[in-house]
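A short write-up of the structure that comes next.
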């Protein structure tokens, strides 16, 4: 290890998105020939840090040094040219192009000004073989590959660029166990060749196996850097979560016993993303969905709401089997379901349309007769929800896009509350909204549950699952791996079961196997 | 063997367009009066093919022009008007005595050659204007090209308020371009082949050509991969202008005159969109080829002409043309039935 001359350094990097601080004077030092693991919770600033390194976003302040010289990256191409190559979590592959085209995408070999396809094919095959994807045909279109295979192509693409610093952002999260092994082999070989690696993963055992150095991020800052394998899992988790805890959650009522479930799901499957999910929710109960990002939580909510074609398994409402084939059927009075979608800007709101129109869309049938909207009934209903949720808006005729993020989210929720749904599904509803609004939403959820609604809440924020939920189902690989109820719901228990660490952590509480 | 499968998969749209074209053209040929009355002679078939080819090349060139922009997930509503403007320009400059008015007569060989270059430069300039507005003005392609097409029309109208011809127009050249090579193969199809081989294929295999597909398929991924997305888009509009210009040149060979014809521009623009869709070019961008667009254009015209030779009552022709067109276009979208996440239907 060359301790005196780091290959790459980031000093005092800060970045704000609107009012939210993503990074605050973060530091990072990367050495050649080392695997440097970055740990932290969702939203700790890891992704922003990487995006700055890779030239995707520009930092507000701070500087970056490569070989001791200050560098700036106006775009990803500049970072690539400097030898900093990122394997993104959100894939950067072009679906309509072939595997070979994608791997050699930026600087293909040319002859007479045209791409030399034979030479390109050779380079692509070599890169694929090194990335452990020798079985992938270079002429296949990306869109015809599975997620796991695409990820291998993504790694091959990075290797073909001859990186000096290789960033792997959750690069293994979509891979099968055997693929992970071959990728690890590649990383070790490259490390021996002097390539520096930044390795971001939620999988603790991978980090233990691979990393030389670890840095923990929390709230946009690097809080600790240590040699790998010098801290226990427990200490690491402690470092990741060690932040002040606001008591913003309403008290939970005692859990009612022996109530019949309002919504029951049995063996719901939509391969390969959902592998036999079973759960039940009673009236008055808030059930959380936990786990790492992308373990099937979103698909579960979409499947319940009738969006996924070809999902199998049984859904029972009030003990009666139902079949739900579209959101239109899901919201019908017989079922009374509502889904607050993940992306309010595309799936929740028509941004240029008025707040009034947005609020009425889902509930139009309630105040129209013979296809004609009763404007005064609509007005009354709207006034009611605006008051209920305390939506701050300049009248109901302004476009929804002009509201703040928190108030936009309130509109999305309000539009479904107008229907008085019995089953409410929420997909990460507090993402990107301020603390005050979050608190109001927590109160609202509890109020709705007390009024008899059955609620399923998916959240990437562990605090929220702990503070709001009566029980939490932790998902892993498209199935419910553990159920935590009452006092078992602690941050440690959530993280440990999300990471699928089998050993009990001290004080994590008893873990029960998932109720089948 | 598996190589062929990948090739087939990537050329599916083009091959489908070719199949539709062959099928419709065979029916057309079999029912054409010249064939029905005189039997299947080389001479007879040659004449029918020549007529169809000289009509087909115009839409084929405009369809290629449209293809470039559609590949970037845009749409160019000015292709027809660039075509008309270049027709008007060509009717002035593709002449046997270019420069005579300024005292340097280039003669009947160099004159038309320089004239052709000028026409194509006008096409390229129009495309460059479109590209600059879309990329740097960040306007929607559909709006930008509606506006520029009005401007191009204004220029054409200013140059030729009335339809007209220049007496010195290079008629001999026009005659050659519409003739038959060896008495059988239409020169216009030879020209189209040369254009595709010399212009399209190198473009398709260039870095910027690939970037065009990447931009249309996923602009964010292309950006993240460090591809030259602006140059690629700009080039797509420039090439679109060039091919519209080639079309304008060819119509001038046919008519030997120029006309600022707004109706023709609109028809060619709309037909070019139908042709590219029929040719397997995805309106969402990133998929398709100019070769497919050419077959799409030829198939489109054949479907229209089919009604004549089948002696369908003229009152019923538009309706039947529409139905056949709808069926042909639906074949390509049958795969939507396999989508499993319904949200992807709207993607």
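Numbering starts at 1 and runs along the chain as displayed.
Using N, Cα and C of the backbone, Cβ positions are placed for all residues, glycine too.
Any TrEMBL annotation is an automated prediction that lacks curation.
Per TrEMBL, transmembrane segment is recorded for B:12-30 (among others).
Taken from TrEMBL, the feature transmembrane segment covers B:56-75 (among others).
The list of residues near the transmembrane segment (B:82-104) in space but at least 6 beyond its ends in sequence, with Cβ under 8 angstroms from a Cβ of it, reads 58, 62, 65, 110-112, 114-116, 118-120, 122-123, 126-127, 149, 152-153, 155-156, 159-160, 164-166, 168-170, 173, 241, 244-245, 247-249, 251-252, 255-262, 264-265, 268. Summarising the annotation, TrEMBL assigns transmembrane segment to B:82-104 (among others).
Sequence annotations record features per position, and here TrEMBL assigns transmembrane segment to B:110-135 (among others).
The annotation transmembrane segment is assigned in TrEMBL to B:142-161 (among others).
The transmembrane segment annotation in TrEMBL covers B:181-201 (among others). Counting residues 6+ beyond its ends, the transmembrane segment (B:181-201) has Cβ neighbours under 8 Å at 42, 46, 49-50, 53-54, 56-57, 60-61, 64, 239, 242, 246, 250, 289-291, 294 in the same chain.
Residues or ranges marked as transmembrane segment in TrEMBL: B:234-253 (among others). Long-range contacts of the transmembrane segment (B:234-253) within the same chain: residues 57-58, 61-62, 64-66, 68-69, 71-72, 74, 76, 78-80, 82-91, 94, 116, 119-120, 122-128, 130-132, 134-135, 169, 173-174, 177-178, 188, 191, 195, 199, 203, 208, 212, 268, each at least 6 residues beyond the stretch ends and with a Cβ under 8 Å from a Cβ of the stretch.
Summarising the annotation, TrEMBL assigns transmembrane segment to B:265-284 (among others).
According to TrEMBL, the transmembrane segment annotation covers B:291-312 (among others).
Summarising the annotation, TrEMBL assigns transmembrane segment to B:318-337 (among others).
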The transmembrane segment (B:12-30) touching the transmembrane segment (B:318-337) per 3+ Cβ pairs under 8 Å rule: yes
Distal contacts, the transmembrane segment (B:265-284) - CB-CB under 8 A, six or more residues away: 12-14, 16-17, 20, 58-60, 62-63, 65-67, 70-71, 73, 75-81, 83-84, 149, 153, 216, 247, 292-297, 299-300, 325, 328-329, 332
Residues of the parent chain within Cβ reach of the transmembrane segment (B:56-75), under 8 Å, 6 or more residues beyond its termini: 82-83, 134, 141-142, 145, 188-189, 191-192, 195-196, 200, 212-213, 215-216, 219, 232-233, 236-237, 239-244, 246-247, 250-251, 254, 268-269, 271-273, 275-276, 279, 281-290, 292-294, 296-298, 300-301
Surrounding residues of the transmembrane segment (B:291-312) on its own chain - C-beta under 8 Å, 6+ positions past either end: 11, 13-14, 17-18, 20-21, 24-25, 27-28, 31-33, 52, 55-56, 59-60, 62-64, 66-67, 192, 196, 200, 271-272, 274-281, 320-321, 324-325, 328
Long-range Cβ neighbours of the transmembrane segment (B:142-161) (under 8 Å; 6 or more residues past either end): 74-78, 80-82, 84-85, 87-89, 91-92, 126, 129-130, 133-134, 258-260, 262, 265, 269
Residues of the parent chain within Cβ reach of the transmembrane segment (B:12-30), under 8 Å, 6 or more residues beyond its termini: 45, 48, 52, 278-282, 287-289, 291-293, 295-296, 298-299, 302-303, 305-306, 309, 328, 331-332
